[in-house]
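Notes follow the structure.
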Amino acid sequence: MSLMNWFEDRRKFSGLIGAFIEKATKGYILSERRKDRHIKIDTTKGLWTRCDNCENMLYIRFLRQNKRICEECGYHLQMSSTERIESLIDRGTWHPMDEDMVARDALKFSDEDSYKNRVLFYQKRTGLTDAIQTGIGKLNGIPIALGVMDFQFMGGSMGSVVGEKITRLIEYGTRESMPVIIVCSSGGARMQEGTLSLMQMAKISAVLQIHQAQKKLLYIAILTYPTTGGVTASFGMLGDVIIAEPKAYIAFAGKRVIEQTLRQKIPDGSQVAESLFDHGLLDLIVPRNLLRGVLSEIFELYSSAPCRRSNNS
C-alpha cells in the first residue's frame with residue numbers, strides 16, 4: 001500500500017492520525033496491518049503541523065483541503081490572506097487592487113530594529129507588501145469588494161497602507177454599488193506609525209458611513225482569531241452583518257491589560273466569539289467551511305429587501 005493510499009484510508013475512519021500520536025511526533029506512522037513495519041516521514045519539508053487547541057499532529061495537505069480546520073477537535077487554525085481569498089472567491093475572478101502600495105517610515109521609528117527593516121523582513125517572509133490584500137472578485141457569481149487582513153504580516157497591524165487600501169476598496173465598492181466584505185485579523189493599530197495609524201480608524205469609519213447610510217449598500221465584517229485593538233474599535237464592529245469564526249478571540253484590550261487597569265479579575269472566555277454572541281455583539285458565528293454559503297444567502301436576502309427594491313426602481 002502506498003503512503004498516500006494509507007493516508008486516505010486512515011482519514012475515512014479516524015481522522016488524520018487518530019492513534020499513534022506519539023510515533024507521529026517522531027516522524028513515523030505505524031501500519032495497522034503490520035505494526036512491525038513503519039514508514040519514515042521527512043518532517044524537514046514541513047509535511048506536518050500541530051493543532052493549537054488539541055495538539056494533535058495534522059498532515060498539512062489534508063489540513064489545507066479542510067480550510068485549516070482541525071479534523072479532531074474542529075479548531076480553526078490561522079489562515080493566510082491568500083488562502084482566505086481562494087476559499088471565498090470564484091476561481092479566475094480575483095482582481096487585486098493597490099498591490100504596489102508600501103509603508104513609509106515617516107516617524108523614523110526604531111526600537112530593536114528600524115521600522116523600515118521590519119517592513120522589509122515581513123515583505124520577504126510573507127510575499128505581501130503589507131498586512132492586507134484588497135481586490136474585486138465574485139462569490140458564487142456575485143461581484144464583491146473584498147479585503148482580507150493577514151496576521152502573519154506584523155500581527156496584522158493597521159498602519160497607513162492598510163487604512164488607505166481599505167478606504168479605497170470601500171470607495172470603489174460604493175461607486176460600483178458592490179457589497180464590501182472585510183475579513184479582520186489584527187492586533188490593532190501599528191505603533192510604529194503613531195497618530196498616522198490611529199487616524200485610519202476615523203477615515204475608514206467615515207467612508208463606511210457613506211457606503212452604508214447614504215448609499216444603502218451592504219458591508220459585512222468577518223472577525224477571525226484574533227481581532228483586537230483599533231480594528232475592533234472601528235470597522236470590525238461597524239458591519240451591517242457581523243460574523244465571527246468559532247472560538248475567535250475578539251477584544252479591544254487584552255485580558256491582562258484590563259485586569260491591571262481595573263485591578264479586578266475578568267471571567268475566562270469573556271473575549272471569545274461565543275461570549276460576545278451571547279451578549280448581542282455579533283450576528284452570526286459561522287464555521288469557515290460554511291461561510292461561502294452563508295454569505296450567498298445574506299446577499300440574496302439583502303437584494304430582495306424593500307429599501308433595495310425602491311432604490312433600484
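Just so you know, glycine gets a Cβ as well, placed from its N, Cα and C.
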Zinc finger according to Swiss-Prot, located in which of 51-73, 189-211, 281-303: 51-73
Secondary structure at C73 (Zn(2+) binding site), reduced by DSSP to three states: coil
Other C-beta atoms that fall within 10 angstroms of the C-beta of C51 (Zn(2+) binding site): 20
CB within-chain contacts under 8 A for C54 (Zn(2+) binding site), separation at least 6: C70, E72, C73, Y75
Additional residues around Zn(2+), ordered along the sequence, whose Cβ is within 8 Å of the centroid of C51, C54, C70, C73: D52, N53, E55, N56, L58, E71, E72, G74, Y75
Candidate with the highest Cβ count within 10 Å, taken from the binding-site residues C70, C73: C70
